[in-house]
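Features as listed in Swiss-Prot:
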- 16, 36, 109, 141, 256, 280, 282: NADPH binding site (BINDING)
- 109, 137, 139, 192, 245, 255, 256, 257: sn-glycerol 3-phosphate binding site (BINDING)
- 192: active site, proton acceptor (ACT_SITE)
């Protein structure tokens, strides 16, 4: 293993994992893409396409898919793109084969629902010998895979590793900015998914652009309060993985979390929306965990709490909205 990170394994062949494999291949790396589905492995290796999760985009012929986690573990660095709620199980399978100090880059955005742990904390329990890193920022998989310009944050406590990873996967159209603030980079992505559901509800209810702007801004205040309480840096929360990701996710129906919120605002049930999808909306699973973190740190997050009540069935959309709008007037800061 060297800091050149010549061989990259992408663990998880959904849309985002496939897009990151495309980026790493474009950067000249040897890329192994792990998928659960045998038919998807065959699809990538023979047709050079991910017809299931990223159809219509031609993949680099150098990307090699595998269903063998042990093979993926042999890479110089691992990009973990499995859904947040399944991350622990995959990491535990990989752990015996992860060498001391090998970078494991967490690319999913969420908080473990059952434990309320950040994914870096999950990694510390499952594979403590790994060098934890986080990749997060305003990015849609299809745009990244097509080579449209995108910038993200890549954080690792060892900034030398973060910089080396940036050079390993960075290309002209995919620009990672490195940082040593793991908590800030990770928390922004997890919380914005919850807030995006709220913004989608605003859109679905046709409350207007002013209401969505207000909710996005007040939501960012919630994210910032929690982030600072947990040790994140202000500049990280104001950066790509925080404010940047929030702006994108709360303003585009292409966001899975915002589109889910829109459907809820239009009157659909959560079961109806989730049943019609083959992709994951992490905000649904992270909402209760984010609220638990806020309570643990004594932070008020009324928007996140409203989303948590909606997705758990504790409140109807209209009742949760009414409760937010009837909160007492207060100072902005």
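A Cβ is built for glycine as well, from the same backbone N, Cα and C atoms used for every other residue.
Location within the structure of each feature annotated in Swiss-Prot.
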residue	record	contacts (Cβ under 8 Å, 6+ apart)
109	NADPH binding site	84, 136, 186, 189, 190, 192, 193, 245, 282, 286
137	sn-glycerol 3-phosphate binding site	150, 151, 152, 153, 189, 240, 241, 244, 245
139	sn-glycerol 3-phosphate binding site	16, 19, 150, 152, 245, 248
141	NADPH binding site	14, 15, 16, 18, 19, 54
255	sn-glycerol 3-phosphate binding site	140, 196, 200, 248, 249
257	sn-glycerol 3-phosphate binding site	193, 194, 196, 197, 200, 249, 281, 282, 283, 284
280	NADPH binding site	14, 83, 256
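Among the binding-site residues 36, 192, 256, the residue whose Cβ has the fewest other Cβ atoms within 10 Å is 36. The sn-glycerol 3-phosphate-binding residues named in the record, 109, 137, 139, 192, 245, 255, 256, 257, extend over a maximum Cα to Cα distance of 15 Å.
Cβ crowding, taken as the number of other Cβ atoms within 10 Å, peaks at 245 among the binding-site residues 245, 282. Across the annotated binding residues for NADPH (16, 36, 109, 141, 256, 280, 282), the two most widely spaced Cα atoms sit 22 Å apart.
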